[in-house]
Amino acid sequence: MQNGGLEQLMNNPMLRQMAENFGRGGGMPDINALMQNPQMRHADIGLIGLAVMGQNLILNMNDHGYTVAAYNRTTSKVDQFLENEAKGTKVVGAHSVEEFVALLKRPRKVIILVKAGAAVDAFIEQLLPHLEKGDIIIDGGNSHYPDSIRRTKELEERGLLFVGSGVSGGEEGARYGPSLMPGGSPAAWPHIKEIFQAIAAKSDGEPCCDWVGEGGAGHYVKMVHNGIEYGDMQLIAEAYSILKVGLGLDELEISKIFAEWNKGVLDSFLIEITRDVLAYKDTDGAPIVPKILDSAGQKGTGKWTAMNALDLGQPVTLIGEAVFARCLSSLREERLRAAKVLKGPDAPQFSGDRDQFVKDLEQALYASKIVSYAQGFMLMREAAKEYNWHLNKGSIALMWRGGCIIRSVFLKDITNAFRTNPDLENLLLDQFFVDAIQTAQAGWRRVISQAIAWGIPTPAFSSALAFYDGFRSEVVPANLIQAQRDYFGAHTFRVVPGKESESLPLGQDIHINWTGHGGSVSASTYQA
Ligand code: 6PG
């Protein structure tokens, strides 16, 4: 270690005392010798990556009494952090990975909070020569869960432990209480549980953090959280569009509606910020939202959720539509050209009961949200089977109840549903939600019909209702699809139990020679 960080280290009263104990008569000690002293390893945890999330998480841990070691690749950032945001705290900085690791108590706990992907692997590589068996590496970025599965395996093979933890709540959450979703090596959990649960948000006194499961389970659950975040945001955007284009309201009027909604079943962080965002004015006094380019960005977590839903054969339609709606928004130039050519209905006129329509819209948003969360939990149910995870749905709902972007009062009802019945097959079948949708559905249908008549796109609202109607159907028209598949490709079909006959035996893959001139050989085995 170089003496570069010495001055800063010596600001720590405990270290100063230790230096004196070294018997150097109060002079500057040999820092390398000092680092050999086990008492020197006094930091409870270390964090690499001093971007906004990293800095805030460190300060949060410091507030809860933990001594945190901080390191950043550009080391000037460490000094800046210690001189500014972390001034007067117990945070200790390091100017090299070696120095950083030497500051940590055993087993060492290192949080990496850098851009997901290659940067995480690069830091793991740099850490490895300095770590020992039983040490714990925690990746708190938005990593793709297959990477966390791989990292868990690779590090466990080297005798280390890995945790891939979802961290949600943005800057504010990281500073004062994020939602934390850790998964990976189960043996790591007892060592990090206290710190993680201390710094996490609390909901009704319970920490919004629990062990999610093995391997990539933590990052998987964070991915689904983000997918649901996309869905919630799209539903809110559609409601805004209906109020603005359909009812002709301005941003301030719409903000007031969101303020009202935030007092009822939709009470949530995203509704609350929408209220504030819509009321925000530019320097000229006009609302700022209409001045923002209507082209949505995305970093990929919503897309990963939709892709995984396709891989696992789960109809997570609302998140899929939310991702596609962002894609459509980004085709702005093409949309501008199409807008000149393609016609829709005449400009909306509303002559009905406005207050009733706004109530219907609130219920439409609520019902669609219930469907979206039900789809998210269906996906996690399948993922648990596929990856052999033991996902506790009640504790996932609790982790999302506070601290994170999708936090809401509604998640309390989801927590209750899964806690009352941990084997609940589908959220839509919980009696509370059966009743909630029943109450909402007339208004939900009225809103979507009206939006269609007006020509206002509502892919999230509409796909949620289509899913609901499909999911509650005893019979869907896939019989015709099977017949078509067998007709053109001899793909075979099966008979409905009770409708079997001599030519249609039960439980067998059947191929019919539909035209009389095809063969009787089927193309492949039956695949439901
Ligand atoms: C959170 C957020 C956070 C991030 C999103 C943004 O939970 O704190 O989800 O992780 O803001 O990933 O995602 P997009 O840039 O893809 O919208």
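Glycine is no exception: its Cβ is also placed from the backbone N, Cα and C atoms.
Feature annotations, reproduced from TrEMBL:
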- G49, L50, A51, V52, M53, G54, N72, R73, T74, V114, K115, A116, N142: NADP(+) binding site (BINDING)
- N142, S168, G169, G170, H225, N226, Y230, K299, R326, R485, H491: substrate binding site (BINDING)
- 218-515: domain '6-phosphogluconate dehydrogenase C-terminal' (DOMAIN)
- K222: active site, proton acceptor (ACT_SITE)
- E229: active site, proton donor (ACT_SITE)
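Mapped onto this structure are the features recorded in TrEMBL.
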| residue | record | DSSP class |
| --- | --- | --- |
| G49 | NADP(+) binding site | coil |
| T74 | NADP(+) binding site | coil |
| K115 | NADP(+) binding site | coil |
| G169 | substrate binding site | coil |
| H225 | substrate binding site | helix |
| R326 | substrate binding site | helix |
| H491 | substrate binding site | coil |
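Shown in sequence order, G177, P178, S179, A201, G403, C404, I405, R407 are the residues of the chain, 6+ apart in sequence, with a C-beta less than 8 angstroms from the C-beta of G169 (substrate binding site). For the domain '6-phosphogluconate dehydrogenase C-terminal' (218-515), the predicted model reports an average pLDDT of 97. Annotated pair the residue listed as 'active site, proton donor' and N142 (NADP(+) binding site), C-alpha to C-alpha distance, rounded: 14 Å.
Of all the binding-site residues in the record (G49, T74, Y230, H491), the one with the smallest CA separation from K222 (active site, proton acceptor) is Y230. Between the candidate binding-site residues, A51, M53, the densest Cβ environment within 10 Å is the one around M53. For the binding-site residues N72, T74, N142, counting C-beta atoms within 10 A of each C-beta gives the highest total at N72. For the binding-site residues K115, H225, R326, the largest tally of other C-beta atoms within 10 A is found at H225. Looking only at the binding-site residues A51, M53, N72, the one with its C-alpha closest to H225 (substrate binding site) is M53. Among the recorded positions listed (K222, E229, H491), E229 have a CB atom closer than 6 Å to some atom of ligand 1, in sequence order. Listed recorded positions: K222, H491; maximum Cβ neighbour count within 10 Å falls on K222.
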